[in-house]
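Structure first, commentary second.
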C-alpha cells in the first residue's frame with residue numbers, strides 16, 4: 001500500500017510551506033543566539049528582497065539563474081538521474097555564450113546574436129553532460145560521481161582557456177574583453193516602464209527562463225520522450241519491458257539537462273557581466289539541486305522555489321549590510337537550513353500531515 | 001482440544017492510515033490442532049499474524065496465549081511465549097550452514113563453540129522426534145527450497161516454539177514437497193504443537209487443517225470445522241458471493257503453428273545457463289502451459305521470447321517470419337510489432353509503473369503508436385478514450401483513468417495489464433503468472449478471458465507455478481525443470497505425474513521415492 005495520498009494543494013503547497021516555516025524558526029533561533037532580533041531580521045530580509053524595485057530586480061535576476069539550474073536537475077531527476085554537474089555544465093555553457101557574443105557583437109544587433117548564444121550555451125552545456133551520460137549509459141559509471149568529477153575538470157579547463165586563450169591581450173585578468181551592444185541582452189529596466197528595477201541586472205534571460213519552464217513542462221508531460229523519461233525514472237525494468245532503450249533515454253535526458261544548465265550563462269554572461277570571467281557560476285548549479293527538490297521537479301514549483309532562493313540571496317545581502325552582526329556566512333547558514341528542511345528533511349512533517357488529512361473511516365483495502 | 005486454547009484473540013483492530021486491515025478480530029486456536037486461516041490477498045491475514053508475532057501492535061483488543069493475556073511488543077517476546085514463524089520469504093543467510101542459521105540470534109555467548117555443540121545435539125533430538133532430517137553442516141544456499149523451509153521450521157522449534165505460524169508455506173514447493181511438509185505438520189500436531197497455516201489455497205485447507213477461519217476485507221467472517229465444510233462454501237465465504245472454481249472450456253481446436261521456438265539457450269547475469277535447448281510450438285487456438293516450480297528457468301524463457309533478455313542461441317518463428325534471438329537486434333518493441341503480446345510475471349516490477357495514472361499504463365509499450373500522436377505531442381484525449389473503453393470492457397474498478405495505478409487492487413491492476421496486451425490484438429500472447437496476487441473474483445474473469453482469446457484463434461503460452469491453473473487452462477502442458485523441458489503431457493494429465501516431473505524425476509523411469517526434497 002502506498003503512503004496515503006494527499007490533496008494536491010497539501011502536497012505541493014502546505015508541506016513546502018511548513019518546511020519553510022520550520023527552516024525560518026530554526027534560523028530565528030540562530031539569529032537570537034548571536035544577539036539580534038529575528039523579527040527585525042526577517043523584516044529586513046523581506047524588505048531587501050521585495051520592498052523596492054531594485055531589490056525585486058535583483059531577486060528576479062538571481063531567480064533566473066536558479067530556474068535554469070533547477071530545471072536542469074529536475075529533468076534529469078524525472079529519469080531517475082541525479083545530475084550534480086550543473087555547476088560545470090553552466091560554466092562550460094558560458095564558453096558557448098561568450099564565443100557567440102565575441103564573434104558577433106560588433107557586427108549584428110543583440111537579437112541576432114541571441115539565438116546563436118542560446119544555441120552555444122545549450123550545445124556546450126549539453127556536450128559537457130554528454131560524456132558522463134555516455135559513461136553511465138554504456139559503461140555503468142555512476143552519474144553522480146562522473147558529473148561531480150566533470151565539475152572539477154570544467155574549473156581547470158575554463159581557467160586554462162581564460163588565462164591562455166581568451167584573455168584580453170595585455171591584461172592580467174582571467175576574463176574576456178567586454179561585449180559590445182550586439183552581445184548584450186537588454187535589461188528589463190530598459191524595455192518596460194511598469195516597474196523601476198533601478199540598476200538591477202534582471203534582463204531578458206528571465207523571459208527565456210520562463211519559456212524554458214513551459215517547454216520543460218510540455219516535454220515531460222505531453223510528449224512521447226517525456227513519457228519515456230518518466231517511465232524510465234519511475235521503473236526502469238518496466239521501461240525495458242515496454243521496449244524503451246535505457247541508453248538512449250539516459251543520453252537524451254542528460255543532453256537536455258546539460259543544455260538547460262548551460263543556458264544559465266545567458267543570464268550571467270550575456271545579461272549581466274557582458275564578459276566571460278572566472279567562476280561566474282558561483283554555486284548556482286548546486287543550489288539548483290535544492291530548487292528542484294523543493295519545487296518537486298515541477299516547473300511551477302521550480303519557479304516559485306527559484307524566487308524564494310532569489311529572495312534569500314538578495315534579502316540576505318541586504319541583511320548583511322543592515323545588521324553587521326549577521327555576516328555573509330550567516331546568510332549561507334540560513335540558506336543551508338532552507339535547503340535542509342525543504343530538501344533533505346522533506347518527509348519530516350509528512351507522516352503527521354498524512355494522519356491529519358486521512359479520513360478516519362475508510363474501506364479496508366489492501367494491507368501489508 | 002477442549003482445554004485452554006493455545007491462542008485467543010479478542011476484538012483485535014489494526015489500521016494503517018486509512019486502511020482498516022483488521023477489524024474486530026476474534027479467533028480461537030485450539031491446542032494441538034492445525035488451524036487454517038484463509039482469505040484473499042489483502043484480506044488481512046498477514047497483518048493479523050504480524051500482530052501475533054510482534055511485528056505490529058494492535059490498535060485495540062487483546063491477545064491471550066495459553067489463557068494468559070499477553071502483550072507482544074516484538075518478535076523476541078513472541079519467541080519467549082513459544083510462538084515461532086516461518087515466513088513466506090525465508091529469513092535465512094544463504095552462505096551460512098544449517099547449524100549457523102539455526103543458532104542465528106540464539107548464539108548463547110560471545111564464542112560460538114558452546115552454542116553450536118548444544119544446537120547439534122538439539123537438532124539430532126528434533127530429527128528423531130519429528131523426522132526433520134537435515135545435514136547440519138550443509139550450506140543453506142545449496143539446499144533445495146523444501147529443505148530450506150525445513151531449516152526455518154527447525155529454527156522455530158530450536159527456540160522452543162509451541163505454536164508455529166506458517167505464512168503461505170507451499171508457494172515455492174513442488175506438490176511432492178508440499179505433501180512432505182504436510183506430513184511434518186501432522187507429526188508436529190500429534191506431538192502436541194499448535195500449527196497456524198495461512199494460505200489462499202483452498203485445497204491445502206481441505207487437505208490438512210482441523211479448523212479453518214475465513215477472512216474477508218479485514219474481518220473474520222467464519223470459523224468452521226474443516227470436516228464439515230467444502231471448498232465451494234469456503235470460496236463463497238472468502239469472496240462474499242458464489243464463484244465458479246472450475247474453468248468451463250471446450251476442447252481446443254488448434255490450427256496451424258503460429259509460434260515456434262527452436263534451440264533456445266539463455267545464460268543469466270551470473271553466468272549460469274538457465275534455459276537449456278528449449279524447442280516447442282504453439283498453434284493458433286491453443287493454450288500451451290509451462291508448469292514448473294518457481295525458479296526453473298520459466299521467467300528467463302518468457303523474457304527471452306519477449307525480447308527483454310538476450311539469448312545465447314535460438315530461433316523464434318512467429319507466423320512465417322523467423323528471428324534469430326542471438327544474433328539479431330531484438331527488443332521488446334520489435335516483438336510487439338511482430339504481433340507478440342506479453343503479460344509479464346510480475347506486474348509491479350515490470351508490467352506497470354505504479355506511480356503513473358491508469359491511462360498512462362494503458363499504453364505502456366504501445367506509446368509509440370501513431371494512434372496516440374498529435375503532431376509532436378501525445379494525444380492524451382485519445383489515450384484516455386481507449387483507457388475508458390478498456391475499463392468498461394474489463395470491468396476495472398474503480399473506473400478511473402486518472403487514479404494512480406498503485407491504488408488499484410491486485411486483480412484490477414492485472415486487468416489493466418491484460419487489457420493493454422489483449423486489446424492490441426496480438427497473434428501470440430505470452431502470459432506469466434496471470435493470477436498471482438489476484439482475488440478469486442478476478443481470477444474467474446481472467447481465466448474466462450484467456451479461454452475466449454484462445455477460441456478467437458490466438459496462440460497462448462502460459463507460464464504459471466500454480467499447477468491447478470495450468471491444469472485447468474492449458475491444452476498441452478510442458479514441464480520445465482532446471483532450465484530444460486523434461487516432459488510434455490496432454491490437458492488432463494495426472495497431478496502426481498506432473499508433480500514428479502516438476503521435481504526433476506526423469507520422464508521414462510518409474511516414479512521412485514527419489515524426490516528432490518528427499519536427498520541430502
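Cβ coordinates come from backbone N, Cα and C, glycine included.
Of the candidate ranges A:258-275, A:276-293, TrEMBL annotates residues A:276-293 with the feature transmembrane segment. Feature transmembrane segment, per TrEMBL, maps to range A:142-163 of the set A:76-97, A:142-163. Using a cut-off of 8 Å between Cβ atoms, the transmembrane segment (A:276-293) and the transmembrane segment (A:232-256) share fewer than three residue pairs, counting only pairs 6 or more apart in sequence. Put simply, of A:12-35, A:142-163, A:329-349, the stretch with the most CB pairs closer than 8 A to the transmembrane segment (A:300-317) is A:329-349. The transmembrane segment (A:114-135) is in contact with the transmembrane segment (A:232-256), judged by 3+ CB-CB distances under 8 Å for residue pairs 6 or more apart in sequence. Outside the transmembrane segment (A:142-163) by six or more residues, the chain places 76, 81-85, 87-89, 91-92, 94-95, 128-129, 131-133, 135-136, 174-176, 250, 254, 276-279, 285 with a CB less than 8 A from a CB of the stretch.
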